[in-house]
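Visitor: For 101-112, the entry in TrEMBL reads compositional bias 'Pro residues'. According to TrEMBL, the compositional bias 'Acidic residues' annotation covers 503-515. Positions annotated as domain 'Major facilitator superfamily (MFS) profile' by TrEMBL: 63-473. Residues or ranges marked as region 'Disordered' in TrEMBL: 94-114, 491-515. What TrEMBL records for 12-36, 129-149, 161-186, 192-209, 221-241, 247-268, 289-309, 329-349, 361-383, 389-408, 415-434, 446-468 is transmembrane segment.
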Amino acid sequence: QHWLATGRASPRLVLVVVFVALLLDNILLTVVVPIVPTFLYTTEYEGANSSAGPARPEPAPAALRAPPFSSVLSYFDNTTVTVWGFSSAAELPNGTGSNPPGHPPSTSPAPPRGCLQGGEFLAQENVRVGLLFASKALVQLLVNPWVGLLTNRIGYHIPMFLGFTIMFLSTVMFAFSGTYTLLLIARALQGVGSSFSSVAGLGLLASVYPDDSERGSAMGIALGGLALGVLIGAPFGSIMYEFMGKASPFLVLAFLALLDGALQLCILQPSRISPESTKATPVSTLLRDPYILVAAGALCFSNMGVAMLEPTLPIWMLQTMCSPQWQLGMAFLPASISYLIGTNLFGILANRMGRWLCSMIGMAVVGISLLCVPLATNIYGLIGPNAGLGFAIGMVDSSMMPIMAYLVDLRHTSVYGTVYAIADVAFCMGFAIGPSTGGAIVRALGFPWLMVIVGVLNVAYAPLCWLLRSPPAAEEKMAILSQECPMQTKSYTPKEALREFPLTEESDGEAENVE
C-alpha cells in the first residue's frame, strides 16, 4: 500500500502507464497491415476460384507443365514482364505465350503464385483495404472532441480505463473475425478505444509535467511507446500470421491488454472522479487559433504519408516484387526503428534547436522520402526511403506535441484535454484521408503518382512551421504577466514563459517578501 501511494504521486509511473497504453494501441493499429490484404485474398479470391470449379488438375504429362519463366502483361505499367511459376499457358493473362522449349528444367521450387494473379481483384482490394484501415481513424475523428470535453468534466483516469476496456474487446473481435464486415466493425471499435486512451493519456502527461522542457522529454518517451508499437506491430503480425494463423497475434495482444488494465487499476484508480479545477477553453476558440491550426496541420500531413503507405505498399509489393507474406510487414521495419530513434532523440533536442525548425526540416524530409519510395525494385530498395520517412515523422511528432501544450499555456487556459483532442483529430484526419483516398488514387493514377502527390504536399507545407517560431501570448496572459514584470515583451521563448507563467508558490512567496 505504501508503494502504491508513493507511485500514484509519481509522474514517472503515470508516464509508464501512458507509454504502455500507446504501445498496445499502436501494435494493434499496425499488426493488421500485413494480415488483412493476404487474408482477404486467401478467403475471397482463392476461395471463390476453388468453389467456382474443381481446380486446375495437376497435369500428368510433362508437356502441360509450366516452363520456369513465362511472359505476362503487367497491369501496373502496361509492359510485358517475366513471371515465374504459372501452372499452364492457358492461365496467362491475355493469352501471352511462353518461352521456347530450350530452357533447362527448374531445380528450385517455384513461388506459390505469380505476381499478377488476380490483378483486377488486387486493384479493387486497394480501395477496400484502404477503407477498412481508414474506418478506425474516421470513428476516432468523431469521438475525440467528446472525449476532450469528458476529460475536462471527470478527469483523465476513467477515460483511460474505458479506452483499455474497449481496446480489449476490439482485439478479441479481430482474433475471431472471418469476414470483411466483422473486420471493419472491429477496426471501428478500436477507434473508439484509441480515442479514449490517446486523448486522456496525453492530457494526463501534460498535467503532471508542468515544466515545458520536462514535458517535452516526457512526450518524447510516450511517443516512443507509440513508435515501439508501430515497430513491433507489422513484423509481429506478418510472422505470427505466416506460421501460427490469423488469431494468434490478436490473442497475445489481448493478454497484454489485460496486464495493462491491471496496471491502470493499481496506479490511476479509475473509479475516482477528478475534474479540472479551472474552466477549459472552448474547442471553437482553440480551432480559431491560427498557431494551433498550423501545428495540427503539420501532424496531419506528415502522418498522412505513412497512412497512405499502409494499405497500398503491401499490394504494390505483391504486384511488382513477388514478395512473400513475411516481407509485407518487414518492409515497415526501417520506418518504425527510425521513428523510435527520432522521437526519443528530438524529444530533447527539439527544445534546444527550436521546435518550429525541427518540424519544418522533418516535413521536408518526409516529402523527399515519399518521392523515393516508387524507385525501389525490391524490399532492400525500400530501406532508405522508409527509414528517412520514419525519422522525419518522429521529428515532427516530438516537436508538435509539446508545442500544443505550450500554446495552450501561453495563449489560453492551462487545461490540456481539449487541445490534445484536436491533436488526435489531426492524426486521425491523416489516417482517415490517407488510406481512403490512397486506394482510389492508386487505382486511377498508379502507386508512383500517389507518392508524388503526398510528397509534394509535405514539402509545400513545411515553410508554414516558421509561424511557430515565436507565437505571441494572448492579451489576458499579457495582463497577468505585466503585473509581475512591466517591461516584459510580447514574444516569449519557452524558458521565459516558464519563468513567468504559470505562477508557482515560490513566486507568490517572493511577491509577499517584496511587499
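Cβ atoms here come from the backbone N, Cα and C positions, even for glycine.
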Visitor: Find the member of 221-241, 289-309, 329-349 that has more C-beta pairs under 8 Å to the transmembrane segment (415-434) than any other listed stretch.
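Guide: Comparing 221-241, 289-309, 329-349: 289-309 has the most Cβ pairs near the transmembrane segment (415-434).
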Visitor: Residues of the same chain, at least six outside the transmembrane segment (361-383), with any C-beta under 8 angstroms of its C-beta?
Guide: 298, 301-302, 305, 309, 313, 317, 320-321, 323, 327, 330-331, 334, 342, 389, 391-396, 399, 447-448, 451-452, 454-462, 465
Visitor: Average the pLDDT scores across the domain 'Major facilitator superfamily (MFS) profile' (63-473) and report the rounded value.
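Guide: Averaged over the domain 'Major facilitator superfamily (MFS) profile' (63-473), the predicted model reaches a pLDDT of 78.
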Visitor: Is it true that the transmembrane segment (446-468) and the transmembrane segment (289-309) have 3 or more Cβ pairs under 8 Å, skipping pairs fewer than 6 apart in sequence?
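Guide: By the criterion, they touch.
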Visitor: Counting CB pairs under 8 Å, which listed stretch among 129-149, 192-209, 221-241 touches the transmembrane segment (329-349) the most?
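Guide: Maximum Cβ contact count belongs to 221-241.
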Visitor: Please give the sequence-distant neighbours of the transmembrane segment (161-186): residues at least 6 beyond its ends with Cβ less than 8 Å from one of its Cβ atoms.
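Guide: Distant contacts of the transmembrane segment (161-186): 21, 24-25, 28, 32, 36, 40, 43-44, 128, 131-132, 135, 192-198, 200-201, 246-247, 250-251, 253-254, 257-258, 260-261, 264-265, 268, 270.
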Visitor: Sort out the residues at least 6 away from either end of the transmembrane segment (192-209), same chain, that have Cβ-Cβ distances under 8 Å to it, and list them.
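Guide: Apart from its flanks, the transmembrane segment (192-209) reaches 11, 14-15, 17-18, 21-22, 25, 29, 136, 139-140, 143-144, 147-148, 151, 156-157, 159-160, 162-167, 169-170, 215, 218-219, 222, 401, 405, 416-417, 420-421, 423-424, 427.
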